[in-house]
Structure formats: structure tokens, C-alpha cells
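Chemist: Have a look at the structure that comes next, please.
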Amino acid sequence: MSDERITEKPPHQQPESEGEPVPEEEVEEETEEEVPDEQSSEDDDIDGLIDELQSQEAHEEAEEDDGPAAAGEARKIPEELLQTDPSVGLSSDEVVNRRKKYGLNQMREESENLLVKFLMFFIGPIQFVMEAAAVLAAGLEDWVDFGVICGLLFLNAGVGFIQEFQAGSIVEELKKTLANTATVIRDGSVQEAPANEIVPGDILKLEDGTVIPADGRLVTEECFLQVDQSSITGESLAVDKHYGDEVFSSSTVKRGEGFMIVTATGDNTFVGRAASLVNAAAGGQGHFTEVLNGIGVILLVLVVITLLLIWTACFYRTVRIVPILRYTLGITIVGVPVGLPAVVTTTMAGGAAYLAKKQAIVQKLSAIESLAGVEILCSDKTGTLTKNKLSLHEPYTVEGVSSDDLMLTACLAASRKKKGLDAIDKAFLKSLAQYPKAKGALTKYKVLEFHPFDPVSKKVTAVVESPEGERIICVKGAPLFVLKTVEEDHPIPEDVHENYENKVAELASRGFRALGVARKRGEGHWEILGVMPCMDPPRDDTAATVNEAKRLGLSVKMLTGDAVGIAKETCRQLGLGTNIYDAERLGLGGGGSMPGSEMYDFVENADGFAEVFPQHKFAVVDILQQRGYLVAMTGDGVNDAPSLKKADTGIAVEGATDAARSAADIVFLAPGLSAIIDALKTSRQIFHRMYAYVVYRIALSLHLEIFLGLWIAILNHSLDIDLIVFIAIFADVATLAIAYDNAPFSPSPVKWNLPRLWGMSIMMGIILAAGTWITLTTMFLPKGGIIQNFGSIDGILFLEISLTENWLIFITRAVGPFWSSIPSWQLAGAVFVVDVVATMFTLFGWWSQNWTDIVTVVRIYIWSIGIFCCLGGAYYLMSESETFDRLMNGKPLKENKSTRSVEDFLASMRRVSTQHEKGN
């Protein structure tokens, strides 16, 4: 490519200031546009442009209806390497040397061994017991039991591995946010180079639409750009950039031209450091896995206690080692539910498939359980609560000026080029449909001169010719600067001046961005016309969804990069509360200046925070979690990734970046919060199914541990090992269909309440064991007791155990009495099939060496129904007990003084650490 001289004139922008409403956010080209009498061929047809914008708006709405501190320290680049001549760039040899030293411009990939990942699913308390049982079965040459146990192990690992494999790699997705190619100055010429080959010190050319591939700073004097970095900082509109300002990788140039020097690449960029924050976030096992492992440990302890009792009795009777090992195998199989991980994982996988139909993609199965218990929802504003597009509100006009007149003047002071339109211009042109007079008159005016936004005067100026041939100067811009333009021409009446300033102040306090509009006709005086407020509006369904979230026991907190005023106004419209604070009060590292306990109270009671950076979001989630809350975080940008990963449930909303999607636990393809609330209800249904199954399965384990332990210890006899294995298989096969059961959802967040769970499970297990013990012991009465004319003891006990255990699921699945909720046909059918098979086992003596007559089988059914009624009554009484209800739904205990002291100490340490880092 031939050499290209590098000259740059300062482009202009529309204004943004902190002391007043900020109108224009996207970059105009700095070069003044001189429009001759004959319209430029480059200008787009205004009617076609308006129609296209309005058509796009309608299409977007139709689709909706359907539907910088970092964890890791950046590698510093020596300043002498950042003195590249912008007109020449780096030499090819220097590029090669720097690439060798600093590497490619891409995220470092953590290699993942899929085999190791698969083998990790064989680690855990329950898995260890299952593996020990398999080894014991192999030692006894009991290959049937060995095969069944191994099959269950691999089933559990397979389901979990497949689900986790689909989640993908967070670093890989963050890498995808980088641009693909870049325009670079090397060897004195302009070249196209792959983005991953950019090195520190490279000179890059930026223009409209450029996706910036690396961090850097602008080196073109008097340049002005507007850069969309909403996916990084959360700011809803483009940000002004001047000479010497920093720009970040993965952000987009909306308007303007200039050159930048690369100061950081790959992992050292803002996005790269965000990746390190994500990787530093809690990525452990998850709350559900912790609960499951805790249950497994307790069951394992109970198994050991039972085995000690049995071994003591056997040694006292001098029982031979082989029977002792068989007893050990039997207790091991029944004591720890071999199918618990598989059934629960399958239940959640079925729920994930159901959520997928609702356009919610579950990337981690444990997220379903976490979402069901979420108490606080931290939501990003832009694109989540709002539409992420500007809309105009009711204009303020001075006396004697019509709204159409103000609208016409504002639209005349706008670019006629499609590529030159910024968010403000688009909002005005799309809103012309509401001002038919202004729309009809717009095409009759001829543009003579157009001056894009001037960052000094903070306004856009256009000189037009009316249909009558009158020369008119139209301006729009920062309200007070427009007012100053008029005042410099002639005095403004005091009442007009006062009303105008009051309106501007009111709009600023309500969080609106505002544009002042004025004009000058011919040789006359300047006229102030009024103010047009604009805002990124809330989604149509957000307010109703927020109210529904509150009814479901959720506290919603908004975290946004926008100003406090904008955040408060958005919250006011949505009913979120107005306790919105500047994130600076949290401190750079989340510590702030308040004592730790006060900071925790401050975060807990706030309705949201504005002007936040990634570390602020991360800190808010962390503080709430330390207070004992389960926290969900919604987001759509790179800046949300760390807190999405940190949260108990990370939610990537519709339109989220790849980085946010990969960091999230659940990805939504449908827009708005309504889809999240639907998923919340579904997750609570799934949680209820899991909770019912766990209570059921623990009760079954305790049932057989108690019964078999007593039988072996007292009578020196046990059920046939093969029948024990079939009981375990039948119990889990029958309940695999619970994933498709009809289940209610709780009106409040649900959690694993282990005291309540264990209390109910123990009572169910004792009643089951008592029923089976009575069945066994009354057989030896003169007339056979409950079971008369019995054939095989093993066969009868096998049937009684199978029936009562299988029917227990109908009790635990219900919220009230077992008859208050009809089970799904899948669950009822599965239990029926298992009951039929168990009956066939008993009738024909399979594995029990003797058949049983039909009369005895009927008596077993009648006796089992009686036990079932006792179980149902006891479960209902416990579920209606105030004590159990308080344990299940009670709020977390208030922190005590020692907890608050720990919070104060941790906050102090964070402040010391932050000051030390800043000092270095």
C-alpha cells in the first residue's frame, strides 16, 4: 500500500457536562461541512432516512413484543516504547521483536483437560461410598451388584459432564470481544493487520465504526471522538475523547477520526484485567453441591455407626468374614443413596431443558437451585431495565412557540448523512411522526451550511434556507450555552429567562439529558425556542415485572454507570425506590470511609448505586453475600462479567456480550426482566421437586439402615444382597420422573433448611422402619400375625419395602395433604410400573427362592396402605408446624457484635491494601 500522509483536523461533538443536562453524546466529524446550493450527492434523502429509522424502530419494538481497578496487575510498558512517531509508525522488525516480548494481542487461554474434568465427577462423599461399594462387590465376586453400582456412577458423571461442557470457557468468550482487524501505521504506510498481531507502541487509525482492538491513548492533536464503551463501563451513551485520553479495547468509535498509540494488549488491557477478576471470583462447587456433599457426609457417618454396631454383634457371635463383608456391602448400598446425584442431576437437567423452551439457557445446573433461593437481584440499568435507546419527552417551549416549531428547528440542526447521525439525531428524526407539521416542512428547507458539534460552544449549528428564501440559523446544544448565545445578541425578558433556567434545573434533577433550541431569522435577533428532554426509557414491562419480583420476595437493586440523577429518575419510574448513591461512597476497593458494619448496612439498605465500575459491582455482591443473602446479578456487558461470576446466580440478559454470557450461569435470549421472573418461578418448582426427592431419599436410607441394622444385630440375618440392590434401583427409577412432576412454586425465596429436612426425613425413616419391623416380627407368631400363609420372608419384605418406599414420594411432593396435589402421569406411571415389577418378584420368587401366594400379596398391599396413611399424617403435621415453617422460611439471624467487629476489621484491611496499592 502506498504511503499516506497523516493529517487530522479536530472533529466536533455534542455536549456533555457534569453541571447540567448533557445532550449530544456521539461524535460529529470535526471538519466543517460546507453545503452548496445544490445538495451534496452524499447527503441521504431525508424522507427515506426518516422512514428507515421509524421502520427500524417499529421492527425493534415488534421483536421485543414477540419475544478501572482490576484483580490482576497490568504489565507496564516502558514509556520510551510509547514514543512512536504517528506519521511513520513502527518498523516491521520492531513489531516482530515486541510481539516476541509481549505476545499476541489475545487473552491467555487456560488449557482444560476434559478427561480430568470428567473424572472430577467421581469425587465426593457419596461417590466415594459408591466406589467403595463397587470394590467390595468385586471382591465378593458379586458382578451384578458391581455392574449396577458402576452404571449409576457413570450415569451421574455423564449427565453432569455434558451439562458443564456446554457452558464453554469464560476466557475464550472474552477473547472474542476483541476486534478482528485493525488499520495500523507501519513503515510509514497505512496497513491492515490482524488484531491479534497488534503490539504496544503501534499507531492505529480510528474512524467511524472502528472496534478498538487494544487499549491506548489518542495522539492526534485537537482531535475529538465519541466512543461507545457501554459494554465496558455501563455508560448508556458514547463518551467524549480528546487528545491524550485513554481508549479501551472492544469499545467502538461512533464518530470522529484520529490516531491512537497502543499502550496495552491482551491480558494487560481493561478487558483482560476484567478476565482476571472473573477468574478470581468464586468459582467453587456451588451452594447445591455443598448441600449435597453435606448430606452425603452425614449419611456416611450414620453408615459407619451402623456398621460398627453390626461388626460388634458379628464378632461377638464369631460370624465368618464373608457374611460380615456381605452385610457391610448391603448396609453400604442402602445407607448412602447411590442414585442421589444421578436423580437430582437428571431432575435439574430436565428443568434446564424446560427453561430452554422459555429462552433461558442454563449453563450450570446448580444455578437452578441458586435462582430459586435468590433474595436480592442486582440489576444493570442500560439494556436490562431500559431499552438502551434514547427517546424524547414532552418539550418545554417558551411562550408563543409551538412544539412543531421547536422540533423543526432541532431537526434542521442535524446531519443529513446516515453515517453522521448520532443517538440524539436519530431520536429526533424518529420522533417526527408525532409532529406531522414539522415532518412535512423539513424537506422544504435547503441546508446551506452545517457545523457539527463544537466542544467549545457546546452546540450544533446549521444554516438553512426556508421555502420563502429566508436565511435561518438553527442551533441545538447544551441548554445554558444556547441561552448564552441568545443573551449575547440581546437581553432576554426576565420571566422567560427565569422559566427557562428553572426548567433546565428541574430536568437535570430528574435525570434527563436536555437540549436547548434557538434560531435566528435573517438579520433579526436570536430567539430562544425551548428545551427538549431525552432519556433512555424503561422497557414497557419492567415496572410490572419489578412489582412482581417484590411480590415474590425479591429486593431489586440497580447498579449503573450512569449519573445519580438519571439513576434516580429511572428508579422512580420503575418503583424501585430512590435511595440511589454515588458508588464513590463504596471506595475504590469497596471499603469506603465508613466502618465495615456501617458499610454493610449502607449497601444492604440502598436501592442502588450510580457511576459504578466493575470493582464496585463486585464489592456490592460480595458484601451482600457476606450478610448471608443469595444474590443474583443481571448484566449484558464486559463490565458485568466479574460480578456475574461472583454472584450466586449470574444472569446474562438478551443482547449480552459473549463475555457476559460466558460468565453467567443463565443466559436469556428473550428481552426484559419478565423472562427472568418466569425462570424464577420455574426454578422454584424445580427446587421443590429436588427438595421432595432428597427428603424421600434420606428417609429411604434411614429406613433400611435402621431395619437391616437391627435385623442383623439382633437376629443375625439380612435380606438377600441382590434384592437390596433392586430396592435401591427401584427407588431411584420410580422417581426419575419427578423431573416432570406437577409442582407449585413458593411465593418467597426457598433454601435448603437442613434442620427441617433432616427432622422430617428421620421421622419418615423411623415410621417406615417400624412398619417393616412389625411385618418381619409378626411372621413368627403362631398364626402368622399380619402376614398369614406367607411363602418367602425375603419376598414379602421386599414387596412391603418397595411399596411403602415408592409411595412415600407422593407424600413428600405435596405441599399440604398428599391428596391436595395430583402427580403428573409420568411420575404416577413410573411408580405403577415399579410396583408391578416388585409384585412379580414376590409372586414368582425371583431372587427369593420361593413363590408367594396372591392372598399374602393382597395382605401386604393392605398393610402397606396403612403405613402410607401413617406417613401422610405425620408429614402433614410436621409441614404445618410453626416450628418447621419458621425454620424453613425464617429470615437470616441478625449479625451479632462479633460479626460486626469482623466486618469492621475486614473493611479496614481493604482500605490499607488500597492505599498501599495507590502509594505504589
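The count begins at 1 with the first shown residue.
Each Cβ is built from the backbone N, Cα and C atoms, and glycine gets one as well.
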Chemist: Checking Swiss-Prot: are I492 and L877 on the same side of the membrane?
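Modeler: In Swiss-Prot, I492 shares its side of the membrane with L877.
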Chemist: How do the residues of the topological domain 'Extracellular' (316-326) split into helix, strand and coil according to DSSP?
Modeler: 7 helix, 0 strand, 4 coil
Chemist: Count up the helix, strand and coil residues in the topological domain 'Extracellular' (741-756) according to DSSP, in that order.
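Modeler: Per DSSP, the residues of the topological domain 'Extracellular' (741-756) fall into 3 helix, 0 strand, 13 coil.
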Chemist: Six or more residues beyond either end and a Cβ under 8 Å away: which residues meet both conditions relative to the topological domain 'Extracellular' (741-756)?
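Modeler: Residues 287-288, 291, 294-295, 369, 372-375, 551-554, 630, 681-682, 684-689, 691-692, 813, 815, 821-824, 826-827, 884, 887-889 contact the topological domain 'Extracellular' (741-756) from elsewhere in the chain.
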Chemist: Three-state secondary structure of D380 (active site, 4-aspartylphosphate intermediate) from DSSP?
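Modeler: DSSP call for D380 (active site, 4-aspartylphosphate intermediate): strand.
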Chemist: Sort out the residues at least 6 away from either end of the transmembrane segment (118-138), same chain, that have Cβ-Cβ distances under 8 Å to it, and list them.
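Modeler: Apart from its flanks, the transmembrane segment (118-138) reaches 145-146, 149-150, 152-153, 156-157, 160-161, 289, 292-293, 296-297, 299-300, 303, 325, 328-329, 332-333, 335-338, 340-341.
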Chemist: Hey, would you say the transmembrane segment (757-776) packs against the transmembrane segment (860-876), going by three or more CB pairs under 8 A that are 6+ residues apart?
Modeler: yes
Chemist: In terms of Cβ proximity under 8 Å, which residues at least six beyond the ends of the topological domain 'Extracellular' (316-326) contact it?
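Modeler: Apart from its flanks, the topological domain 'Extracellular' (316-326) reaches 136, 139-140, 310, 716, 718, 721.
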Chemist: Return only the integer: C-alpha distance in Å from D640 (Mg(2+) binding site) to D380 (active site, 4-aspartylphosphate intermediate).
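Modeler: Just about 8 Å between their Cα atoms.
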Chemist: Which bits of the chain, at least 6 residues beyond where the topological domain 'Extracellular' (139-142) starts or stops, bring a Cβ under 8 A of a Cβ in it?
Modeler: 322, 325-326, 329, 721
